Amino acid sequence: METLANRLDACQETLLELYEKDSNKLEDQIKHWAQVRLENVMLFKARECGMTRVGCTTVPALTVSKAKACQAIEVQLALQTLMQSAYSTEAWTLRDTCLEMWDAPPKKCWKKKGLSVLVKFDGSSDRDMIYTGWHHIYVQDANDDTWHKVPGKVDELGLYYEHDGVRVNYVDFGTESLTYGVTGTWEVHVAGRVIHHTSASVSSTQATASDDEPLSPIRLAVSPVPAPASAASARTGTAPPTNLLCTAPAPPSPPAKRQRVIVGQQHLRPDSTRTVGEGQVECYDKRSISNTNSTAPRWDHGDTDTVPVIHLRGDANCLKCFRYRVQKHKDKLYDRVSSTWHWAGGKCDKTAFVTVWYTSVEQRKEFLTRVNIPKGVIALPGYMSAFV
C-alpha cells in the first residue's frame with residue numbers, strides 16, 4: 001500500500017512538472033502521455049485490490065481507469081511514430097497533443113491552427129452552425145505509418161483534405177443540412193468570404209486557391225458560379241453582391257423509413273406520400289381519434305378552450321437537456337414548456353415527461369418539422385384545457 005502510494009505520488013509529481021514546464025517539444029509530450037498511462041495503470045491495479053483511495057487520490061472504477069489507460073496508449077504510440085517523422089522538430093504543445101485534439105474531426109489525425117467556418121442552413125441565422133477547419137492536418141499513412149502534412153480545405157460541399165490525390169471529407173454540409181436544415185440550402189461563411197454554390201455548378205474538379213492568393217489561411221475550393229449582373233452593376237461596372245444562397249446537391253438517399261408516432265395506445269403511421277427525416281416526428285392534425293369499436297369519436301377538440309400540446313416521454317436528464325436546447329425557439333415554435341414531471345400513485349415507473357404547449361396546431365407541426373426529437377424520447381401529441 002505504501003509503495004503504491006509513493007509511486008503514484010511520484011508519477012503525479014512528474015505530471016505537475018510537465019504542466020508547469022509547458023514545453024513545446026514533442027519528446028516532452030510523449031513523456032506526458034507515458035505518465036498518464038502509468039498513473040491509470042496503477043489506479044486500475046489499486047481498484048483490483050479493493051482500494052478506494054491511495055493517499056489523497058480517489059481510485060475510480062475499473063472501467064474508467066482502463067479506458068483512460070487505453071486512450072493514453074493510443075496517443076503515446078501515435079506521438080512516437082510522429083517523433084520519427086520530419087515534423088518532430090515542429091512546436092508541439094500540450095494543447096496540440098491532447099486527446100480532444102486527437103479525437104476532433106478529422107479523427108486520428110493531428111491538427112494545427114483552427115479556423116471557424118460558419119454555415120447558415122436555409123439561409124437563416126436561427127439555423128447556423130460553427131465548424132472548425134484546420135490550416136494544417138497531419139495524416140498517417142495506413143501502409144507504412146509515415147506522417148504527411150496536408151492543408152485543410154473548405155468548399156461549398158464541406159470541410160476536407162486531400163491525401164494521395166483522394167479527397168477525404170470530415171464535415172459534409174449536405175449531411176448536416178438533413179439535421180439542421182429543412183430546405184436543403186445553406187451558406188458557407190469563412191474568413192469574411194461567402195462560398196457560392198448552385199447545384200448546376202458542382203463538378204468533379206474543384207478550382208482551389210493557390211498559395212499566393214490572399215484569401216484566408218485555410219484554402220478555399222470554390223467553383224466559379226456565373227451570376228447574372230444587375231442593370232446597375234452593368235452601368236457602373238461593379239460586380240454584383242456575393243452573398244448568395246448555397247443550394248444542396250441532391251445526393252442519392254435510401255428510401256426513408258416510415259416513422260411511428262405513439263398517441264395513447266394507438267400507433268399512427270405517417271401518410272405514405274410524406275417523407276420523414278431521421279430524428280423528426282410527423283405531427284397529425286387530427287381533431288378526433290376514432291374508437292375502433294364505435295363510429296363516434298373518442299375526443300372532440302373543436303372547443304375553443306383547448307390548446308394543442310405534445311407530451312415528451314423519456315429519460316429525465318435527456319428531457320432536461322432537450323428543454324434547455326429548445327429555449328431559443330420560444331415564442332416562435334412553441335408558447336411554453338413545463339418542467340420535468342412524473343406520475344404519482346398507481347403503477348408508476350421512473351419515466352419522466354415534459355409538456356410543450358402551442359398556440360395552434362400549425363405551430364406544433366412547425367415545431368416537429370424544425371426540431372429534432374432526441375433518440376429514445378417519444379412524442380405524444382394531444383390537447384389540454386386552456387386553464388391558464
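Each Cβ is built from the backbone N, Cα and C atoms, and glycine gets one as well.
According to Swiss-Prot, the feature compositional bias 'Polar residues' maps to 235-245. Per Swiss-Prot, the feature region 'Transactivation domain' maps to 1-202; the stated evidence is sequence analysis. Sequence annotations record features per position, and here Swiss-Prot assigns region 'Disordered' to 227-259. Among the features that Swiss-Prot reports, region 'DNA-binding domain' is placed at 306-388, with the record citing sequence analysis.
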Message = Restricting to the region 'DNA-binding domain' (306-388), what is the model's mean pLDDT?
response = 87
Query = Using DSSP, how many residues in the region 'DNA-binding domain' (306-388) fall into helix, strand and coil?
reply = 24 helix, 28 strand, 31 coil
